[in-house]
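Novice: This is the structure I want to talk about, given as structure tokens.
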């Protein structure tokens, strides 16, 4: 009986194992089996986690193969530096300080050329400056006798370390010399303090600085000449790509709004991906700023001069973000519960779609201008077209109440129905009016983007059709105001005619 | 005659110097004087620049004295570490490797406790792991004969450096172990490569790790026990302060809109400063993220447990930014050229000001909830009040056309005037409608903020009045929809009554 029971439990246990589930259908399964199941689950979970991690890493590598290349570059630079140890003659030259070359390569080698140069120069100058200062302090300390020597050394370390640390809080220093200040503290402390022990201070400092220079030179060489990634070029590409994304996002958003009830067009199959393009614009401020900081350290490369106006890219980025805020608000209009009536929507859909397509084609043209670094011959025309469609939209908005209240015109005597109708209409009109005024706001912000890009074109001397922009700009703005006034007057006249 | 001319020129020269301007009124002033003036200008410019720089530095120190304290802490830690060199017994213990303690202090000491702990642990574990691996590789290399030794060493450096560099691109690694990966590469290269030369490898590694542990312990001690700055607390304060700023910004913005024509209230004397508060919210994403990353490393401190839900603060930050986008759009409404008529504005000003003051008092209450870490007893009431004023605003918007078209009711026969009047009114209404619907959107986003903060209150177990939030929330949302439906129906009924 007992034997039979055991057999049954064993069979059951096998079944449990067989289907792989850990249900508590088998209350008398031994502790071994439980541990086994638990262990299996743990290992499976671990393998899955590692697999997911590797999958993500693989995706990152496939997404941007230059990251993989960067890693190989670091490996190469480090291996080359190791030669200093392997080759005897070189080893005798710089001694045990070859270590500093390795350290320099590890610490200084960055993804972009600008960042590497920035860190390299910071390291070299920080080390040199701190070295000289430390010599001076060491000399003063050694002149002042045995008693005062540790005191002077300690006080100088305390003072200079505090000051240099504080300087890292000042934005202008932080942006450019943050790493240099750290290296300054490091070198100063090391040299001052070891000066107390090591007698061959000068030799040591000399060897250290020379190994650091060897390390930084190697880094700069590798980063600049083997598949270089230029911070400036990255910034340039980022800005023009974000502009495209913003344009697509605007288009997609307006399309979705007016094709809300299943009337999807074939032109956009992935509205979600398109729609979220503006989020890239909103979140890329930090990247843009660091890229612009590093780009200033880069020499002339490709189509960019040494003094390329990188700061202007930040202005373009800011104006794009200001536009993206509006697109965000527009996007939220789609989710809003207060939907406009189909009639109102249909009435305005054509003009709104026209405004959005004109706006986005202006942005795409601007993106092309940045991408190709050539002034566009058609940008003025496109902007003018966008303005005129925006005016059309404004006209449509002005005519809206007339078009919406046909009963009013037909039966002036039926007081109450008329009232109800016109009120209901305003209720239905509110979402559309909000949407449309956001569109108008967006188009005015796009004009601001165009202006910042034109400034860039002037500062960076983009090629293309030569125009006297300065002379044209002033009348242009006057023209807008004038045309708006005209527009309002025309609207009033048109209404009086009816 | 010549003498007289010279005297005149000298007098003129003195006059020019006297008033300090370098106008070219004195064409025959000698080159010496010009150089003198130029030099003076240069020196004055330099002094002015240095003075400005020092002024800014001073302002930074006065603004946040903890920065100054941090600098003094760094200086102190470094001076203490220098004792290892000064005191003979300690020096004999760790030898020349005391250098590593200094280096550790310089590199690891950060502004906040979390960042220091993060870097310290990264440094210790990165060094240890790399040290063990390097030993293994060194052993394998030394077993494989003279020829293969440099080859194996070089290949292992190349492979591991590349892999570790790549791992720094993976977001989850970058957030927590970026510094550890760098230290891993550094130590591995140093130990593997110097293993080829230095025979006393084990001693060296032992000393190095012990000095690093001394350095990190000192850093952690100083940063935690002398005027500590906790990343978590900073994040906590930042979020609640930004919430206040956003509330003030909303208030200021609405006030400015409705008091546009010089009718400024006494309550806000600095509208500019208040208005720009939302910009802090928009730009603090990166700070919030780094604070949250560091806060996870911090032990329990003050009112925060070890497992305080720091990630929830990022959600609150995101919902605040989503609200700030709308405030930005609202702010732009003020600058817009299309101003609403005074009548429309005055009609809506009371209700709009009420909505904004209710909205901002909800936000201020939420900020207080976060600040005090106590559930507010009045938040539900305030939110309900905000909702009801928003509904009042919606009602007002619905009644708007009726109130604006009195001629329509009085003279139904005068067709044309009626048409013109109602159309002109819609034109004037558009900016107000946009403004009001943005206000409605803002209030719905504020509700999203309240929800994220309630989640925080639950996760972090805030004290205060005990309520069964879960049970209340569901009916609440139903209530909104129901009340909105009711509202629409009531509006229609009210209109039918007229």
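Start at 1 and count along the chain as shown; that gives each residue its number.
Placed from the backbone N, Cα and C atoms, the Cβ positions cover glycine too.
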Novice: Write down the single range among A:98-117, A:158-177, A:238-257 that appears in TrEMBL as transmembrane segment.
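Specialist: That would be A:98-117, the stretch labelled transmembrane segment in TrEMBL.
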Novice: Need the matching range: TrEMBL marks transmembrane segment on one of A:179-197, A:274-292, A:293-311, A:312-330, and I'd like to know which.
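Specialist: TrEMBL lists transmembrane segment for residues A:179-197.
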Novice: Of A:124-142, A:333-351, A:352-370, which range does TrEMBL call transmembrane segment?
Specialist: A:124-142
Novice: Looking at the candidate ranges A:209-231, A:393-415, A:416-438, report the one that TrEMBL labels transmembrane segment.
Specialist: A:209-231
Novice: At a C-beta cut-off of under 8 Å, are there same-chain residues at least 6 beyond the transmembrane segment (A:98-117) that contact it? List them, or none.
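Specialist: Result: 67, 70, 73-74, 77-78, 81-82, 84-85, 90-91, 123, 208, 211-212, 214-216, 218-220, 222-224, 228-232, 234, 291, 293-298, 301.
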Novice: Given pairs 6 or more apart, does the transmembrane segment (A:124-142) have at least three Cβ pairs under 8 Å with the transmembrane segment (A:179-197)?
Specialist: yes
